[in-house]
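Database features (TrEMBL):
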| type | residues | note |
| --- | --- | --- |
| ACT_SITE | E274 | active site |
| BINDING | C133, H273, H277, H283, M291 | Zn(2+) binding site |
| BINDING | G224 | Ca(2+) 3 binding site |
| DOMAIN | 153-320 | domain 'Peptidase metallopeptidase' |
| SIGNAL | 1-23 | signal peptide |
Amino acid sequence: MKMKSNLSAFLLLFLLLVGQSLCAKAGFPPLKNSMLKWLKRGKKPPKPEWDSEIYDFLRQKSSPPQQNQPTKGLSRIKDYFSNFGYLQSSGPFDDYWDLQTVSAIKTFQRSFHLQVTGTVNNQTIQLISRPRCAVPDMDFNYNFTDNVSWPKAGPQWFQKRNLTYGFLPASEIPANATKVFRDAFARWVNATGFFNLTETTYDDADIKVGFYTFTEGVDDDLFGLSFIREKPPSNKKTAEIRLNGNMYWALPSENDSLSWEDGILDLESVAIHEIGHLLGLDHSFMNESVMYPYVLSSQQRKIELSNSDKNNILQQHSGAKSGYCGSWEVLVITTLSLGFGYMVLLA
């Protein structure tokens, strides 16, 4: 296995490539443009499930690592921790325990304030089984590869206060859902006091929003991602938010029906999270933050910015309040960014 100095860029490229042969070789589920799924009361969809290899492993729970014999499903666990930046190697992986894997699990457990055991114990299983954002948590870079990059803390992809957003026509997002996004943008605007966000057509928008459908696999538990795209030769930069059309998305009025176990997520909570990435915030390991990467049972609707969220966004754009002069003074914050594992998107 080679060390993954550029693995995150490689994964993001996988995420965006249209090549069917690459998809087939990697075994990653393709996505397609999707109509938005709405909750139908009394008819909940089945919970997206990890494949049988993952469940074979999870059933073993916290069994002590056996270095001299394979643990069925461990290769998929390694994939998981590799894609989110904890395991410093790229696949293909085997089913044997090694010191790198134990260290990666410990780093994950320490980051999320879990019991640090180096095994996939009950606490770890409960967390990695929940829906999460696809942006990696750590050990990834922000460089553009084939004109795409993860969003990042630090220098911004935009240098203006007036930003526009638009919705992918193929997603057929209704007005009551676009209002949810409008409200989510407004929460960040109010926290900074200097952005203007207006709706325009998808093609002309600075921030493009769409829903895409997973067709198979563990990645059904990823609720979405955000990324930056630059267009040569001008290298004009735009941003995209791509949400999982396999999830059922609930409006604020349907708060009592939220159920991450059944794939029913709060649309505004996820919108706020992905917008936060595009405005310069990484993932937070503080579970009260809207930038926490997982959906927790006790926080299935999380739309109020925490004090740390407000402080971080103000730090990111502290130079803008004194007036825009072509570039912004930006302070690099130390919260780590989480990301989206592996997916291939078909536009």
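The backbone N, Cα and C atoms fix where each Cβ goes, and this holds for glycine too.
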Integer Cα-Cα distance in angstrom, the residue listed as 'Ca(2+) 3 binding site' to C133 (Zn(2+) binding site): 5
M291 (Zn(2+) binding site) to E274 (active site) - Cα separation in whole Å: 8
Number of Cβ atoms other than its own within 10 Å, given for M291 (Zn(2+) binding site): 28
C133 (Zn(2+) binding site) and E274 (active site), distance between Cα atoms, whole Å: 8
Across the domain 'Peptidase metallopeptidase' (153-320), average pLDDT on the 0 to 100 scale: 88
Cβ-Cβ neighbours of E274 (active site) (radius 10 Å): 28
Packing count at H273 (Zn(2+) binding site) (other Cβ atoms within 10 Å of its Cβ): 28
